[in-house]
Each structure stands twice: as C-alpha cells, then as structure tokens.
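Below: one structure, written as structure tokens.
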Amino acid sequence: MPEMPEVETVRRGLMNIAAGRKIQGIDVYYGKTIENDIEKFRQALIGQTIERIDRRGKYLLFRFTNNLTMVSHLRMEGSYYRQLNDGPIDKHTHVVFHFTDGTELCYRDTRKFGRMRLVKTGEEMQVGGLKTMGPEPTTKDFKVDYFKRILKKSRSKIKPFLLNQDHVAGLGNIYCDEVLWQSRINPEQPANTLTDEQIQILHDNIIKEIAKATKYKGTTVHTFMNAFGEAGAFQNQLEVYGRGGEKCERCGHKLVKIKVAQRGTTFCPRCQAWAGDQK
Ligand SMILES: [Zn+2]
C-alpha cells in the first residue's frame, strides 16, 4: 500500500504530467471508482483545467479551474500514468482523462479499491478520513506537546496508535515499524506509558523518517511503483520492515515478526524490550 512518501512522490509526478492540462474527455471503465454520478462528474470536468495537485495525508487533491477539487485516494494499488491520447489500456485501467494537448492521464488499479470524488473546493476536508485527520508529520505541523497530550489519553498499543491517521497523518505499516525500532520502543507498549523522553525521540524520528523516505521517493514494495517509470529507492534504507528472522543492525539479535492489531510487525526483542511485555 502506498504510504505518504509514495503519495507525495505521485503528487510531484502529477504536477509534471497533469497540472496545466485541459480536459477534453473522460472515459470511465469501472464505475465504482467515481463516487459521484458519473455523467455529472464528466460534465463538471470537461473543458476545465487542472491548476495543481495538493496532498493531505494519503489523499491527492486535484484543483480545477471551476472551483472544484477531485479527491483521489489510491488505497492498496492505485496508480496514475501518462500516455499519448488513445494509447492502449489494459483491463486494470479504470479511468482515462483525455487532455487537449494530445496526452492522457490514466488511473490504474488492480485491486479496484481506489476512489475519486469531486467536491467544491473548500469542502474536501469533509471527505472520508480528511475530516478527522491529524497533523502532517512535519516540524511545522506536528508539535511534541500535542503528541504528548494525545498519547497520555490512550491505552492503545503504540503501533496501532501510530497507524491511526487521526493522531498523525501518513504513517503506515512500514514507517511505523521503522520509527519504533529507531526509537527503541516496543510496538505493544501502551501509548499512555511512554515516557517524555521516549515521546520526544519518537516524535523527532517520525518527522525525520518521513522526510527521508520522501527524499528517496518512497519505498517500492510488491507492485507499487510511482507510475512514472521510477521505483522508489527507500526499501534499501529499511532497518526492520520485511526483515523478520534477519539480524538486528544495531545489536545482532534476531528480528521477530509478530501480529499487533492484525498487522504484521517486525521488531527487535532486545533493543525494543519493554518491561511490561514479560507477562
Ligand atoms: Zn536490536
């Protein structure tokens, strides 16, 4: 599943291949991708120009000239690619935006979970998870006092706590495992038992990790590519994710893979020991 650094990489690619383009026609091959009435969706966008693409958490926000915003969530496998108008498409391409410059933007999604919804600009924050989404993991938006306050209120294990986008936006399974390892925090430690020192370290690692992963254009796992012919390179930087059974880079102990809140979780039982886990 694309995480925030991957979605930010997609956004930057879309700025190159879609921003400034005017829509001439739209073909929809799998209706459920569009949450609006399809005919209204087409009529609202034909003749409009994509001004820019913004992002909030893992949501892409296409800004159109007529004060409309298309909210696009890639979910598991969604991706965008560009080709010349009327180029060949396969059965996994569900929506095609034809531009007046002779190119087209195609949306491809093997799992078909991705969704697009057109709303008035300004109303996008009412869509899906955007309404309750926590701050972006940046120095500017994500404050340690806020983090401390919400952690102290929760008895949830820290891993699912971090996966919850209402707490902080953009952390998925991969980066959760990485920041917890970096911070030497056990994924099952309850949120409200973290010390102030642990909170500060975790907070700083979250900001650093997401920035670094974005710089490397994200992580390429399974079939996810950023759709512009480039694969992210961050998988080479991962210390724990996908490395269960291998040795911990820090202490040499064997990394262990367990399930925490139904999610595969890899950690080092030595570096990430927690007093409370000796049940
Ligand atoms: Zn270790």
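Here the Cβ of each residue, glycine as well, is placed from N, Cα and C on the backbone.
Quick caveat, the model's predicted, so the values are computed rather than measured.
For Pro2, the entry in TrEMBL reads active site, schiff-base intermediate with DNA. If you look up TrEMBL, you'll see 2-114 marked as domain 'Formamidopyrimidine-DNA glycosylase catalytic'. Summarising the annotation, TrEMBL assigns active site, proton donor to Glu3, Lys58, Arg263. Summarising the annotation, TrEMBL assigns DNA binding site to His92, Arg111. Residues annotated as domain 'FPG-type' in TrEMBL: 239-273.
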Cβ packing number for Arg111 (DNA binding site), 10 Å threshold: 13
Smallest Cα-Cα separation from the residue listed as 'active site, schiff-base intermediate with DNA' among the recorded positions Lys58, His92, Arg111, Arg263 is shown by Lys58
My understanding is the cutoff is Cβ-Cβ under 8 Å with a sequence separation of 6 or more in the same chain; which residues meet that for Arg263 (active site, proton donor)? Lys159, Pro160, Leu163, Asn173
By Cα-Cα distance, the member of recorded positions Glu3, His92, Arg111 nearest Lys58 (active site, proton donor): Glu3
Could you say which of the recorded positions Lys58, His92 has its Cβ with the most other Cβ atoms inside 10 Å? Lys58
Its residues classified by DSSP, the domain 'FPG-type' (239-273) shows 0 helix, 12 strand, 23 coil
CB neighbours of the residue listed as 'active site, schiff-base intermediate with DNA' within 10 A? 27
Residue counts (helix, strand, coil, in that order) that DSSP gives for the domain 'Formamidopyrimidine-DNA glycosylase catalytic' (2-114): 25 helix, 47 strand, 41 coil
Whole-number Å value for how far Glu3 (active site, proton donor) lies from Arg111 (DNA binding site) (Cα to Cα): 16
I need the CA-to-CA distance for His92 (DNA binding site) versus Glu3 (active site, proton donor), whole Å please. 21
Per-residue pLDDT averaged over the domain 'FPG-type' (239-273), given as an integer: 95
